[in-house]
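Novice: Okay, these came from Swiss-Prot:
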BINDING   191, 192, 193, 194, 311, 335, 523, 584  CoA binding site
BINDING   387, 388, 389, 411, 412, 413, 414, 415, 416, 500, 515, 526  ATP binding site
BINDING   537, 539, 542  Mg(2+) binding site
MOD_RES   609  N6-acetyllysine
């Protein structure tokens, strides 16, 4: 970008921060040079039944990828998230639930959550679920989803949470792969005023002849909508939990016992069941939550992610609850029924830390000041961003409009497979640059390598790898360790390959440039699609953009840009020329888009990620096999884009 914005650490943060710049340097050096000492100390953030003596036992060696942390220690995750807080903070609010309908909200104390989790843990045992069994959870954003997850952890069952937006086919595939014995769902979900037929989707999934492991379906009554009922298989949540005792002793788990499976889409083939274990994962989720959000006991914390994604696991539930925090769970969407809904929720609950995604920020940005109308957001002190690289323009808007120019923005880079934050600012220790994830978290050793795996020193760019293990790292892919090794450790030997590219600037700050397959090669020059998208979105009339490469006879690849304009703006030949020149000015002639495709909407998954694979195929005119579109929030978008494409003159 033509300009680097730099933000100093605000005085109000510096005065009471947990980690200042000097402490960051000292702790980071210790975490790299003496990982056993550092993580041995950090492990004390949890209560252990049998204290660990071993800390780190890991290998990234070809043919021998093995990751173990705290392997001789025992603990229980639910006891760390609930029981240990009861004596001093039992009446503290654990979960604030804000419904899709703004008139519905409730506060659940640690004591109440503990009671419900114990009762549901006993329910699971009565249904024959035991330590090591897999339970599929396909729930809306309601407190019972958290109860189900914590109850599984309490008895040692492995949960596999499936995002409530996934299709019956996707649900069936995940149940089959994990051999889930029980499904927990609701009659319906509610989102932006619309019902989501969760129970019907489960019924359809269970009709798949390859689903033969499921014994029962527990159904929460969320809306009271009509559902089909399978006597003997289906059970109402309220019926089973009412009969269960609130007295339950948590199961003693080894640190390396499986905690959950979370499916993430592979670049090829079927989804991968990423497996996380108990001890190292929770140490990492709690430590990263505490330091990255500079958590203080009076904070009200809101992570907007769904429980169906890893962000919902680590930073809506487990990290905050392990630290005894108050976490807000929101059933709705940030811009419904009004563009100011997110800001209204902040004011209503006096939220101090807000963690959301660039896709939400850009949607609000397109609404302009309507996104903050009638709100003051004065309670906020820290903002966070997750899910994809945030373009500097959206970062600045978020900082300025949502945070009133006083809240540091922690732009966190991490993945389902990492369990927690990897590259991220710390509010009291890091000067910020809009669009940069900045520096590695404690114990994280990033490197940039070329395509042959040679490390690149200094200010440079390359493939982002991690050269040594950290406690939150996924241990394997469920039932397929060979694929785990193949996917993450075979491209570059003795290193974990993230699949992302990044550049490092003169200050050692990292800038994520997007997936490596989202890098264009135009006339022999590498261009990150994120960089071009950022330039496009910095245009005052553009709300969102997605850039892909298309084959070009001379340049190798040409640049094809899908562009969504702000409300009230219309495409015109003049604007077409203006936008192309704008990018040329921002980045250089090489980055000038060859094609602008005006469109009202882009194909997105329900978590807000743009499906670039589909955009690449549409742009290239290759519509023979668009692959699985079941995870799209609105599959109709694809048809519309194909129609629009017909009218576009393509470069030769």
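All positions are counted from 1 along the displayed chain.
Yeah, the Cβs are placed from backbone N, Cα and C, and that goes for glycine too.
Where in this structure would I find these features, and how exposed are they?
Specialist: According to DSSP, residue 335 (CoA binding site) sits in a coil region rather than a helix or strand.
Neighbour list (residue 389 (ATP binding site), Cβ cut-off 8 Å, at least 6 residues apart, same chain): 358, 411, 413, 435, 437, 511, 512, 513, 514, 530.
Secondary structure at residue 539 (Mg(2+) binding site), as computed by DSSP, is coil. Long-range Cβ contacts of residue 539 (Mg(2+) binding site) within its own chain (separation 6+, distance under 8 Å): 578, 579, 582.
A coil conformation is recorded for residue 609 (N6-acetyllysine) in the three-state DSSP classification, outside any helix or strand.
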Novice: Tell me the Cβ neighbour count for residue 192 (CoA binding site), meaning other Cβ atoms within 10 Å of its Cβ, over all protein chains shown.
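Specialist: I count 12 other Cβ atoms within 10 Å of it.
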Novice: What is the number of other Cβ atoms found within 10 Å of the Cβ of residue 387 (ATP binding site)?
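Specialist: Looking across every protein chain shown, the total is 19.
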Novice: I'd like the number of other C-beta atoms within 10 A of the C-beta of residue 335 (CoA binding site), please.
Specialist: 18
Novice: Starting from the Cβ of residue 412 (ATP binding site), draw a 10 Å sphere and report how many other Cβ atoms land inside it.
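Specialist: Step by step: centre on the Cβ of residue 412 (ATP binding site), count other Cβ atoms within 10 Å, giving 25.
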Novice: Counting distance between Cα atoms, which of the binding-site residues 192, 193, 584 is nearest residue 414 (ATP binding site)?
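Specialist: Going through 192, 193, 584 one by one, the closest to residue 414 (ATP binding site) is 192.
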Novice: Work out how many Å separate residue 523 (CoA binding site) and residue 412 (ATP binding site) at their Cα atoms, rounded off.
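Specialist: So the alpha carbons of residue 523 (CoA binding site) and residue 412 (ATP binding site) sit roughly 32 Å from each other.
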Novice: Taking the center of the Cβ atoms of 537, 539, 542 at the recorded Mg(2+) site, which other residues in this chain have a Cβ no more than 8 Å from that point?
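Specialist: Near the Mg(2+) site, beyond 537, 539, 542, sit 393, 535, 536, 538, 540, 541, 543, 544, 545, 563, 579, 582.
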Novice: How many Å separate the Cα atoms of residue 609 (N6-acetyllysine) and residue 191 (CoA binding site)?
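Specialist: Checking the Cα atoms of residue 609 (N6-acetyllysine) and residue 191 (CoA binding site) gives a distance of 18 Å.
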Novice: Looking at the binding-site residues listed here (387, 416, 537, 542), whose Cα lies nearest to that of residue 584 (CoA binding site)?
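Specialist: Spatially nearest to residue 584 (CoA binding site) by Cα position is 537.
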